Amino acid sequence: MAASASQGGRSGGGGGSSGAGGGPSCGTSSSRSGLLDKWKIDDKPVKIDKWDGSAVKNSLDDSAKKVLLEKYKYVENFGLIDGRLTICTISCFFAIVALIWDYMHPFPESKPVLALCVISYFVMMGILTIYTSYKEKSIFLVAHRKDPTGMDPDDIWQLSSSLKRFDDKYTLKLTFISGRTKQQREAEFTKSIAKFFDHSGTLVMDAYEPEISRLHDSLATERKIK
């Protein structure tokens, strides 16, 4: 990835203001600001094939995820991924049972069990499709912000994105869900990927990170005011 946010000038400034906006109180704002000032992005640059839409989207997603987890110190929640893995595991279980049962009881003796396993497998695949379409959607990160006092439930931050095929417009959406009120707010931007990659296909974090920080700060500031 690109050079550190503090060395990038404007990235460092954005990090400082992010800490002030997202702090729970005046006392913790200064310490959080200092933490963000020291934060830096991994020095290893991300270089991809600019014509590979999946690689472009994945690199932008991973970098946005890195900002929330490393800059703002949020804790990732793997609930969505665990749900998908559970469904896939159950599906594989039915496939394995069918294989073993057919080996132990050759067809046609195994026919009833095979039919049950095949039907169950396709039912689980249907459940997986519904889960990814309506539950996961395009969310690639769910992160929790712990309440400093430990009295209120965790605030939840979600990142989702989209990049249509043969389109250069990348959309990143950040969703904030208050742990105390359960109110949900969203902020997003849609920009050309050309703004974030140089001619060689290297992701320019000095251009990308401030956009993510602005999304976060707009929601964090609104949360603090309310």
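Glycine too: its Cβ is placed from the backbone N, Cα and C atoms.
Swiss-Prot annotations:
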- 9-25: compositional bias 'Gly residues' (COMPBIAS)
- ALA2: N-acetylalanine (MOD_RES)
- LYS169: N6-acetyllysine (MOD_RES)
- LYS191: N6-acetyllysine (MOD_RES)
- 1-37: region 'Disordered' (REGION)
- 2-86: topological domain 'Cytoplasmic' (TOPO_DOM)
- 108-111: topological domain 'Lumenal' (TOPO_DOM)
- 133-226: topological domain 'Cytoplasmic' (TOPO_DOM)
- 87-107: transmembrane segment (TRANSMEM)
- 112-132: transmembrane segment (TRANSMEM)
For LYS191 (N6-acetyllysine), list the number of other Cβ atoms lying within 10 Å of its Cβ atom.
15
Overall pLDDT for the topological domain 'Cytoplasmic' (133-226), taken as the rounded mean:
90
Cβ under 8 Å to the topological domain 'Lumenal' (108-111), counting only same-chain residues 6 or more beyond its ends: which ones?
101-102
